[in-house]
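Taken straight from TrEMBL:
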type	residues	note
ACT_SITE	B:Lys68	active site, charge relay system
ACT_SITE	B:Ser143	active site, charge relay system
ACT_SITE	B:Ser167	active site, acyl-ester intermediate
DOMAIN	B:20-460	domain 'Amidase'
Amino acid sequence: MAGGDVIIGLEVHVQLNRLRSKLFCGCSTDYHASDPNTHTCPVCLGLPGTLPVMNRRAVEYAIRVALALNCEIQGETLFYRKNYYYPDLPKAFQITQYDFPLGMGGSILIKGEDGEEKKIRITRVHMEEDPGRLVHAGTIDRAKYSMVDYNRCGMALLEVVTEPDLRSPKEARSFLDKLRNILEYLDVFDGGLEGAMRIDSNISLVGGERAEVKNISSHKGVEKALAYEITRQRSARRRGVAQVQETRHYDELRAITVSIRTKEEAHDYRYFPEPDLVPMRIADWVPEVEAELPELPDAKRERFVAEYGIADDHARSLTSEIRVANFYEVVAKRAPSRLAAAWIADVLKGELNYRDITIDKFSPDHMVEILSMLEGGKITEKGAVEVIRTILDHSGDLSEVTPTRVVEAKGLARAGNDAVKAAVRAAVEESAQAVADYRAGNEKAINFIVGVVMKKTRGRADPGEANRLVKETLDEI
Amino acid sequence: MVMIRELQEGLFAGGSAEEMINSLFEKIRRSRLNAYNHIAEDQALERAREFDRSPWEGSLAGVPIAIKDSISTRGIETNCSSRILSGYVPPYDAHVIERLKEEGAIIIGKTNMDEFAMGTSTETSYFGPTKNPWDLDRVPGGSSGGSAAAVAAGEAPAALGSDTGGSIRGPASFCGIVGIKPTYGLVSRYGLVSYANSLEQIGPLAMDVEDAALVMEAISGHDPRDSTSVKSEGGYLSGLNGGVEGLTFGVPKEYFGEGVGEGVDPEVERSVWDAISKLEELGASWKMVSLPHTKYALAAYYIIAMSEASSNLARFDGLRYGLRLGADQDWHSTFSEIRAAGFGPEVKRRILLGTYALSAGYYGRYYLKALKVRTLIKQDFERALSSGGADLLVTPTMPFPAFKIGERIEDPLSLYMADVFTVPINLAGVPAISLPCGFADGLPIGLQIIGRHFDEVSLLRAAKAYEDATPYHEAVPKEVI
């Protein structure tokens with residue numbers, strides 16, 4: 001899909017959903033499991049006479065993000081009204097920022113298409129309120145009616161706008177992964193909640209007009225929507241049809257984009273300063289917020305390499321999610337750090353991904369226990385993988401399953417020396433043909449005998465150890 | 001005529017709040033003024049009975065108060081005299097209503113007004129015009145015309161209004177009572193249905209300065225739900241009797257003679273000069289001052305007010321509350337038809353003009369320029385009221401006494417001109433009071449006193465001294481008897 005002729009810029013709407021209340025009122029943000037329109041009040045419903053009051057914590061969170069994205073912070077906040085009619089917008093205007101966004105001129109590093117680090121410039125970061133949510137009876141272009149849920153109306157949103165620095169859907173995806181990672185490090189965002197991140201994307205082919213694709217709600221969706229759009233624009237060009245500047249809607253179910261308006265129909269939002277909010281001198285807040293900024297992914301990765309002596313690839317994998325990084329640090333303090341890095345980054349993460357679950361489903365204590373058994377030779381690597389899988393697949397009370405119990409219950413304890421030696425003697429005796437082949441100079445015949453040993457010990461012998469013992473025995477005879 | 005203090009004395013002496021309020025309702029029902037849109041009979045009588053059973057304390061304990069229909073009252077329909085808000089009952093009380101209730105007041109009803117406060121005569125109301133108790137053929141002023149007429153005619157001892165460009169002071173002047181537009185930020189706007197947010201304030205209308213100060217004391221002060229509201233020092237009542245000795249009054253030359261003062265009725269001008277002489281007699285001094293940008297005030301005011309209004313009123317689409325017509329079509333047609341049917345012509349005019357002023361390409365030419373003019377006007381007032389200048393300013397409130405119903409409504413510009421002395425005060429954000437200072441052909445004339453930001457104490461003190469030395473506030477309109 002990378003062709004060097006693709007230009008992509010993103011506008012990412014991020015809900016600051018770790019806040020306890022909405023941006024301009026006291027309504028709880030914990031609405032995801034609630035019935036529609038139960039987390040509302042006169043203010044977020046825009047009832048006549050109500051006024052917005054700025055949630056100071058939201059401003060602090062926004063500054064945190066802007067700083068982490070290496071932006072310049074404005075001296076003063078200034079909010080505007082963006083006027084337009086839409087049923088999900090009960091005041092018929094959205095309070096947002098306009099020509100003085102909170103942060104400007106930032107950047108983040110991603111792993112580019114060529115595998116090298118690549119800097120993606122961030123034009124601006126600004127705050128705004130989330131509109132409600134429309135639920136269409138069917139698809140947007142064919143629905144007979146739509147319903148509105150105002151639970152999310154008034155949630156604090158950040159809009160992060162990039163320069164057109166992305167060159168492929170994969171780069172767009174990796175930008176979003178990195179952004180999400182940073183936001184979770186900052187503890188302002190939970191990417192697991194519905195509607196947490198929504199993406200609009202500007203995409204064009206070199207020399208062509210751009211299309212804005214709206215309504216992308218997942219990282220996977222971005223790759224699909226952009227790939228579709230590139231194919232669509234390329235084939236239009238091949239047919240000699242010029243791309244016009246337009247807005248397209250991504251239909252996730254059908255995985256296609258649909259044109260919803262062209263440039264001629266563009267809105268005039270009649271921006272003007274929101275008279276009900278007073279400007280705040282946020283420049284004064286910056287030193288304090290900066291001082292409390294947590295360690296960010298890139299810094300953590302470097303520290304992991306230096307402090308725990310682990311490979312850069314492992315460090316990158318471990319720090320790509322704050323929860324994994326925290327998990328690793330707990331384990332690494334009580335177990336050999338390199339062994340822990342390999343087992344968490346290479347094995348545990350894979351098993352979690354396969355099951356599409358997060359790392360909180362696994363206890364660091366259990367990991368320490370497993371690594372300690374491995375190190376002490378009590379279980380084999382194969383046994384360790386089996387223990388991890390068993391625990392992850394256990395659906396009941398987690399306190400019931402400990403690695404030790406799994407090892408006992410499944411008979412995964414590595415066979416003792418005597419047992420292995422006995423198995424080796426028996427195997428050698430039973431495998432006359434293989435022994436003869438070995439003696440005749442066929443070294444590979446030994447593998448057959450090791451296989452018999454493994455079978456006799458039901459896999460609890462260490463294959464390397466078994467191999468050595470078989471060789472010893474054969475050479476003794 | 002009903003005074004807060006007299007009512008309270010009656011209640012203290014064992015009088016029944018229920019009887020007192022019932023007799024008010026009786027009077028309102030018989031009234032020909034059309035001052036009220038809604039009477040909160042059940043709510044008010046129940047509260048009165050409660051009060052009679054076990055009287056509570058509070059600076060306004062047991063006092064009935066009328067509320068302009070643009071201020072949200074929990075459980076009482078709030079329409080802003082517009083068809084588009086038909087049936088809308090707020091689920092919450094405005095901050096000022098909470099404060100009045102905390103001080104023991106009883107809300108008796110919602111008063112008529114110009115639709116969404118857009119007007120100077122209460123003629124743009126969907127419920128028909130309110131009549132002036134001094135002459136039923138004349139307007140009571142606007143937009144808080146219902147509140148002013150009700151108080152002047154004894155249908156309420158006091159009322160709340162809102163003042164965006166003169167909407168409390170104008171009606172107070174036309175109806176011969178006292179009205180205060182507080183400093184911007186002194187009274188929380190939470191619950192006031194916005195017309196032009198950056199200009200408007202809620203304030204009291206009452207029979208005299210002391211009653212008005214009593215209500216001011218109750219409603220002013222910081223409210224965390226309005227980011228533009230500030231802490232109040234209060235002290236309006238205790239500072240009331242300080243007299244005017246040592247105070248210097250400024251008389252803005254632009255308000256008299258040439259320029260905007262040109263259209264002023266000679267009787268009005270004479271009464272105001274008499275008032276200035278009276279203040280001098282009481283120990284004050286006066287001097288001419290200049291507010292050089294006055295002639296741009298009206299244009300700047302209407303651009304800002306209409307621009308903000310075009311955005312504020314966009315939410316009224318009938319989708320969640322208010323007017324609903326027949327069968328629903330698609331969303332766009334449905335809300336378009338509701339807005340077409342729900343708003344009156346003046347409201348539509350202002351929405352259209354405001355939308356135009358904010359449009360891309362015009363924003364800099366109109367809105368931004370109006371904001372710059374506003375800053376200049378604010379500086380005019382700050383200079384005139386600086387420490388070397390005057391302590392207070394004196395002007396007419398309205399250029400003329402109440403005009404006839406229908407006389408100006410067809411000519412919006414001549415109607416807008418009536419606001420010429422009140423509008424600059426809202427642009428500057430300073431406080432002002434209107435109180436009676438004479439009569440022209442039996443119609444009341446209002447004196448406007450303007451103060452420094454948050455210096456309501458001096459403002460009320462001067463007004464009280466003038467009132468004590470003059471008889472005009474004691475006159476009662478024919479309709480009352």
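Positions of Cβ are set from backbone N, Cα and C atoms, glycine also.
Just so you know, TrEMBL annotations are computer predictions that nobody has curated.
Taking only the Cα positions, the spacing between B:Lys68 (active site, charge relay system) and B:Ser143 (active site, charge relay system) is 9 angstrom.
Its Cβ taken as reference, B:Ser143 (active site, charge relay system) is surrounded by 35 other Cβ atoms within 10 Å in the chains shown. With all protein chains in the displayed structure included, the most crowded Cβ environment within 10 Å among the active-site residues B:Lys68, B:Ser167 is that of B:Ser167.
Comparing the residue listed as 'active site, acyl-ester intermediate' with B:Ser143 (active site, charge relay system), their Cα atoms are 5 Å apart once rounded. Here the domain 'Amidase' (B:20-460) returns a mean pLDDT of 96 for the predicted model.
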